[in-house]
Amino acid sequence: MAGSIKAKHQRLVLLAVALVVLIGAALLAAWALRNQASYFYVPSDIVARPPEPDRAVRLGGMVEKGSLKTAADGVTVDFVVQDGKARVPVTFRGIVPSLFVEGSGVVAEGRLGANGTFVADNLLAKHDENYVPREMQDMTKEQAKQVVAETQ
Amino acid sequence: MHGFANPARFLRIARWLMPLCLGLGLVVAALALAWGVFFAPAERLQGETVRILYLHVPSAWLGMAGWMGIAGASFTELVWRHPLAAIAARACAVPGAVFTAVCLLTGSLWGRPAWGTWWVWDGRLTSMLVLLFLYFGWMALSQASESSDGSENHAPAIFGLVGAVNVPIIHYSVIWWNSQHQAPSITMGKSAMSGDFLWPLLTATLGFTLIFAGVVLARMRAILANQQAEARLRRKAFSEVEF
């Protein structure tokens, strides 16, 4: 019996060590991937290290409030994507997703033009982690904050 | 702990626990889905499509929980050699894979109206797809290493533990990397989700988890019954040869 308990103890230690090594390896791999595995660049990345022109990249961030303008042709939209540190003007011709509104997240696929304007071929809307019922959208900020505080 | 590793004792408990989990789970899940679909409000930006939430999030949780079940059972099998551990791991695989698939399908259906695309290769979606493939691989390996002579094969257990590395990657994919998928709405004790969505979601999660537990217990009973029947046949075959 003592022998079997010792064997169990040995297996437990061996497996614990193996798991620690495994998790360490996975964390190292994730750390190495930290930039490559991102789905898009944020405006401060684009401003700090502009991609070569004509290289297809994705730009993600928030649509700046008050920046969204529809051109006279009705299908071209111009807006600014910002991440709080930098802002990049974007132009897009096509149908925008229904969740695409000012102050909300967006992922634009396209290329950085020579004049610093990002020319998007495709827009994806991004919704954040906040879920607010439709009835609450007309409340003032304070009222909404109070309701949210009650539910937390 | 050792008491539950005794198959006879386990079967006695599972006999009443399984229908209890399944029955209660079906009722709670049905009520929660009805609550979410008919009574919960539409979302400010997403509108009615937010209702997919009540199936999508519980499925995602159970897809990941299923693999943690495999990993926990694998650890128990390797260290303590519990007779039920390998059976529990096998019982978790199919429901875990089904919920992972449901999560991917509902997510795709939700992505089209919410994001404007069925699929993107961002960190969250890709790591969840990897989880589904891990389930397929694990099931194939577990089937292939099933031995008729009763000898032990720990390859699925090792795969189960190594594959568990993917679960935290799924969870942190939206935190470590920029992704199309949103960051978690529910974090330790806090919710960025209004209670109108949160309560039906938590109820649905409880219901589907009970269903998952019931299915795992049912599958464990079936695997045990199968093993007993095979052992009986083998004994019979031997006695016919000898006498």
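Yeah, the Cβs are placed from backbone N, Cα and C, and that goes for glycine too.
Within the set B:197-218, B:219-240, the record from TrEMBL flags B:197-218 under the feature transmembrane segment. TrEMBL assigns the feature transmembrane segment to residues B:153-177, out of the candidate ranges B:3-27, B:153-177.
Long-range Cβ contacts of the transmembrane segment (B:123-141) within its own chain (Cβ-Cβ under 8 Å, at least 6 residues beyond either end) map to 60, 63-64, 66-67, 70, 93-94, 96-97, 100-101, 103-104, 107, 155-156, 159-160, 163, 166-167, 169-170, 173-174, 176-177, 179-181.
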